[in-house]
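As written in Swiss-Prot, here are the features:
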type     : residues : note
TOPO_DOM : 1-12     : topological domain 'Cytoplasmic'
TRANSMEM : 13-33    : transmembrane segment
TOPO_DOM : 34-98    : topological domain 'Periplasmic'
TRANSMEM : 99-116   : transmembrane segment
TOPO_DOM : 117-137  : topological domain 'Cytoplasmic'
TRANSMEM : 138-158  : transmembrane segment
TOPO_DOM : 159-163  : topological domain 'Periplasmic'
TRANSMEM : 164-184  : transmembrane segment
TOPO_DOM : 185-212  : topological domain 'Cytoplasmic'
TRANSMEM : 213-233  : transmembrane segment
TOPO_DOM : 234-242  : topological domain 'Periplasmic'
TRANSMEM : 243-263  : transmembrane segment
TOPO_DOM : 264-275  : topological domain 'Cytoplasmic'
TRANSMEM : 276-296  : transmembrane segment
TRANSMEM : 299-319  : transmembrane segment
TOPO_DOM : 320-338  : topological domain 'Cytoplasmic'
TRANSMEM : 339-359  : transmembrane segment
TOPO_DOM : 360-366  : topological domain 'Periplasmic'
TRANSMEM : 367-387  : transmembrane segment
TOPO_DOM : 388-401  : topological domain 'Cytoplasmic'
Amino acid sequence: MSRVSQARNLGKYFLLIDNMLVVLGFFVVFPLVSIRFVDQMGWAAVMVGIALGLRQFIQQGLGIFGGAIADRFGAKPMIVTGMLMRAAGFATMGIAHEPWLLWFSCLLSGLGGTLFDPPRSALVVKLMPQQRGRFFSLLMMQDSAGAVIGALLGSWLLQYDFRLVCATGAVLFVLCAAFNAWLLPAWKLSTIRTPVREGMTRVMRDKRFVTYVLTLAGYYMLAVQVMLMLPIMVNDVAGAPSAVKWMYAIEACLSLTLLYPIARWSEKHFRLEHRLMAGLLIMSLSMMPVGMVSGLQQLFTLICLFYIGSIIAEPARETLSASLADARARGSYMGFSRLGLAIGGTIGYIGGGWLFDLGKSAHQPELPWMMLGIIGIFTFLALGWQFSQKRAARRLLERDA
């Protein structure tokens, strides 16, 4: 085995261990934020939506800057610093008794994510030149298992004190920072040492990539509801916060049994864009009836459909984003690819929280879910138009040649 192949093989296992620590640290805390502050402390859902949206927007919206800096200085210092900032954000969240302090904790958490997320994604692109889609599927399976373990641990700790929940998340991110500081080599992310401004400019001039990323905002408006409206809905229907962990258990079971087989089968028979659109359509249609159900079994059935759509769409979305990235500025591209999540996540959290409160006060609980479903359908149509334009341009070039 060549030294390059050996480094990539070891890097794969490093990425899997690192990813598990990050997922555990995140899911111990964030699925319970809406339960803690809306259900236990009686805050309006929009207040918590602002906090979650702020974290999402800062982490993903500023990702291009984190990625561009990592292109210039390397992955290691950015990852270690970002994880320590995330730990500080969780520690602050544990003592939040006013909205501004919750918002500040999410600000710190988001800034940490801005620093560590793009270089981690770029390392996957760098180390997995072949079978990248399958590795993204493995990471998603790991995400699902880690989400359940984290949510179970967080739910158990919440019975005693929310500060224990946040302290556990903070400790896990400190451990992750130490793991990276100790074992992560000083790898460069890009094929050349790209100046910060040049990397950002290269992305902004790539109109096809920019349009694709911004269109995905609609996809993310639906996807982020697993952190806000779906846990609140499960809690309302079940009458107990402990039921939320079963929502993540469903995701884990589906991911561990279906994600990798579906990814392997579909990559042989369908284009990436078709897989993304099919998954998005299933997610959109499963959202629409959520506000009309009154039983936990019906709700979990719709959540199953939503997760199946995500299982189909997410590996294709991640692989498509990576395949469109320029190797000369990987960090910048992977950072900018998070902008759709920043915009869609922020609107999804704040708008979703506002619509949830509005629907509740107007006795129209189906309102936010129908709106999200319609947004998903429009995003599906927009992506279909983009992909058809790309195929038409390719056929024109082939004909001219």
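Residue 1 is the first one shown; counting continues down the chain.
Cβ coordinates come from backbone N, Cα and C, glycine included.
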Remark   = Lying 6 or more residues past either end of the topological domain 'Cytoplasmic' (264-275) yet within Cβ distance under 8 Å of it, the residues of that chain are 133-134, 137, 312-313, 315-316, 319-320, 323, 383, 387
Ask   = For the topological domain 'Cytoplasmic' (185-212), what is the mean per-residue pLDDT, to the nearest integer?
value = 70
Inquiry  = Tell me if the transmembrane segment (339-359) touches the transmembrane segment (213-233). I count contact as 3 or more CB pairs below 8 A, with pairs 6 or more residues apart.
reply    = yes
Inquiry  = Check for me, if you would, whether the transmembrane segment (164-184) reaches the transmembrane segment (13-33) - at least 3 Cβ pairs under 8 Å, residues 6 or more apart in sequence.
reply    = yes
Inquiry  = Short question: most Cβ pairs under 8 Å with the transmembrane segment (138-158), which of 13-33, 243-263, 299-319, 339-359, 367-387?
reply    = 13-33
Query = What counts of helix, strand and coil residues does DSSP assign across the topological domain 'Periplasmic' (159-163)?
reply = 2 helix, 0 strand, 3 coil
Message = Six or more residues beyond either end and a Cβ under 8 Å away: which residues meet both conditions relative to the transmembrane segment (299-319)?
response = 132-133, 136-137, 140, 216, 219, 222-223, 230, 233-234, 237, 246-247, 250-251, 254-255, 258-259, 262-263, 266, 272-273, 275-287, 289-290, 293
Remark   = Tertiary contacts of the topological domain 'Periplasmic' (159-163), defined by C-beta under 8 angstroms and 6+ residue spacing from its ends, are 32, 36, 40, 94-95
Query = How many of the residues that make up the topological domain 'Periplasmic' (360-366) does DSSP mark as helix, as strand and as coil?
reply = 2 helix, 0 strand, 5 coil
Ask   = Is the topological domain 'Periplasmic' (360-366) packed against any residues at least 6 beyond its ends, judged by a Cβ distance under 8 Å, and which are they?
value = 289-292
